[in-house]
């Protein structure tokens, strides 16, 4: 496969991506189609039963109009079915959670601006805030990566590991740490606090949040009848979880992207031209990692004694 031309490699990558999209759509259609049909049938049955019992008391079309208004309000995060803790959607904790989901591109969809001014402000705020957030993450990464690489360098020196194996061990350890601290542990807490969700749903929420998918079908504290103080504490906890968890996720992705195996795969689909400054920098970085992981006796060769 190394003899393939660049356009053939790009075509192969595009075909594989389309096949993955088709496979995902087929699996989801098979898994989610029947439950959606059953839910739709149950809803129609409930509407038929309600109209049979109370249809004589309602004008024609009044129920459909009421349900349509409620669904439109629900799509913008406004609902009359919640308790007092969810009655005010744009108080300070809710607004902070919304801005955090906006700047982290999570976008849970549980709230949306209603006014034209709010929508225009969201556009300007995201256009200015997203680059600032990326700059902050880059600065934190620059400070944290050397700290996170020290344990891996110590283990590589102690066990006499080669640089590729040391990098793979460091990436695996960081990945397990992030999964345990930012996925499994928060999922257990959410499972215990929420009560009406399963452990799988809690893990699904944590992963969708950290991967910035943010489907918004499950949010901590919603529909639980919590006291307003506890409900706002859940929102502040989710705010901190988003900021810290996304930073940890980005550090993990960056660590895995620097693995020699991943770089070789990227290089295979990349251009086969001359080595540029970025490649030279990567080579120098790998050389520095190799020198830092070598024991002192091997890093500095012994000098010949002088006569």
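Every residue, even glycine, has its Cβ placed from backbone N, Cα and C.
As the structure is a computational prediction, the values presented were derived from the model and not from experiment.
TrEMBL lists 1-24 with the feature signal peptide.
The annotation domain 'Potassium channel' is assigned in TrEMBL to 77-143 (among others).
Residues annotated as N-linked glycosylation site in TrEMBL: 83.
Look at TrEMBL and you will find 92-111 (among others) tagged as transmembrane segment.
Taken from TrEMBL, the feature transmembrane segment applies to 123-148 (among others).
Residues or ranges marked as transmembrane segment in TrEMBL: 168-190 (among others). Listed by sequence, the residues of this chain that lie at least six past the ends of the transmembrane segment (168-190) yet keep a Cβ under 8 A from its Cβ atoms are 148-149, 151-152, 155-156, 161, 197, 199, 202-203, 205-207, 210, 220, 241, 244-245, 248-249, 251-252, 255-256, 259, 261.
Per TrEMBL, domain 'Potassium channel' is recorded for 181-258 (among others).
Positions annotated as transmembrane segment by TrEMBL: 202-223 (among others).
Annotation comment: TrEMBL describes 229-253 (among others) as transmembrane segment.
Residues 99, 102-105, 170, 174, 246-247, 250-251, 254-255 of the same chain lie 6 or more positions beyond the ends of the transmembrane segment (123-148) yet place their CB under 8 Å from a CB of it.
Secondary structure of the domain 'Potassium channel' (181-258) per DSSP, as helix, strand and coil residue counts: 56 helix, 0 strand, 22 coil.
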